[in-house]
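Scroll down for the structure; my scribbles are underneath it.
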Amino acid sequence: MMKKALLIDDECWLRVQARDASADGRFVFAVRTTGVFCRPSCRSKRALRKNVRFFANAQQALDAGFRPCKRCQPDNARAQQRRLDKIACACRLLEQETPVTLAFLAQAVAMSPFHLHRLFKASTGMTPKGWQQAWRARRLREALAKGEPITAAIYRAGFPDSSSYYRHADQTLGMTAKQFRKGGDNVSVRYALTDWVYGRCLVAESERGICAILPGDSDDALLAELHTLFPSARHEPADALFQQRVRQVVAAINTRDVLLSLPLDIQGTAFQQQVWQALCAIPCGETVSYQQLAATIGKPTAVRAVASACGANKLAMVIPCHRVVRRDGALSGYRWGVRRKAQLLKREAQKEE
């Protein structure tokens, strides 16, 4: 049977185990054996789950007879807000065109580099370096879309030199800067239409690897979806070598665990890729809610953005967005239809038993 969405106490416990700083201010947890209550991010040794209680705020814990932890000071809301303000300041500095080092950032917000790095990742779900790279890539895409010369766009985006761009930006653009500026012209996408256990399927491959796995009911609809995803690319039928890789893909998606060793061309924003990595960590036979998935990446308030990232997935089954359900366990919001989502989850649940 498909697992039901976890209760709120279980979600709180997951955040406490992860020392999730983004949960600070949303609830506190208390330990019966010590009589102390703490923030979710407190670095103190974790108690056994059976000895832990959760409260919506510090006042409720105080009313229940617990005393505040001297280490994390959960009753000091202003201290928590000051920490969040420092992270917000660090984000703004990282978003500037001029690159900044972790040491400079730490000095600017009056924190140690180690503490800043840990708190930044816990609050945003990304490292300071990852945040800076994401904004750098965003500026590059915007500059290229406006038609700026490639070299000027590279430096305007904040890359210190061309070699830094060629090492990193291509992972985000998914193609060369020249091709990106032309809307994907001259990018070749091979494709094949084939059968799989639940109907028809289109498998597409770019020069970098498998870039789309699209289940569907009709070939015409699948081809239309391919053209929507890659409107300016050259769409070429499969050759013999690609047909062999397609058979590997079909063999993988026809099995419960969907283990695929072929290279993948995963194109998306830094946030989308973060969500997709979290999706791949969901064990086969289990489900999570959109709220849990948002909490997993350290952004519990970004539920809508997480759902949008799931919907942007182009690699069906390989990136298992079908394993995300509503908080009450109901199925909804699957790009390729709720009926197909139910089929996939039923198959995984049956073989789990």
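In case you wondered, yes, glycine gets a Cβ from its N, Cα and C as well.
Residues or ranges marked as DNA binding site in Swiss-Prot: T34, R43, R67. According to DSSP, T34 (DNA binding site) sits in a coil region rather than a helix or strand. In the structure as shown, the Cβ atom of T34 (DNA binding site) sits within 10 Å of 14 other Cβ atoms.
The Zn(2+) binding site annotation in Swiss-Prot covers C38, C42, C69, C72 and is backed by similarity to another entry. Under 8 Å, Cβ to Cβ, and six or more positions away along its own chain, C69 (Zn(2+) binding site) finds V36, F37, C38, R39, C42, S44.
What Swiss-Prot records for C38 (among others) is active site, nucleophile, and it gives sequence analysis as the kind of evidence.
For 94-183, the entry in Swiss-Prot reads domain 'HTH araC/xylS-type', with the evidence type sequence analysis.
For 103-124 (among others), the entry in Swiss-Prot reads DNA-binding region. Break the DNA-binding region (103-124) down by DSSP state and the numbers are 18 helix, 0 strand, 4 coil.
Residues annotated as DNA-binding region in Swiss-Prot, with sequence analysis given as evidence: 150-173 (among others).
The active site, nucleophile feature in Swiss-Prot is assigned to C321 (among others); the stated evidence is sequence analysis. Take the CB of C321 (active site, nucleophile) and look out to 10 A: across all protein chains shown you find 25 other CB atoms.
The DSSP secondary structure for R67 (DNA binding site) is strand. Here the Cα atom of C321 (active site, nucleophile) is found 33 Å from that of R43 (DNA binding site). The CA atom of R43 (DNA binding site) is located 8 Å away from the CA atom of C72 (Zn(2+) binding site).
In terms of local Cβ density within 10 Å, C38 ranks first among the binding-site residues C38, C42, C72.
The Cβ of R67 (DNA binding site) lies under 8 Å from the Cβ of G35, V36, F37, each of which sits 6+ residues away along the same chain. Residues T34, R43, R67 are recorded as binding DNA; their most distant pair of Cα atoms lies 17 Å apart.
Under the three-state DSSP scheme, C42 (Zn(2+) binding site) falls in the coil class.
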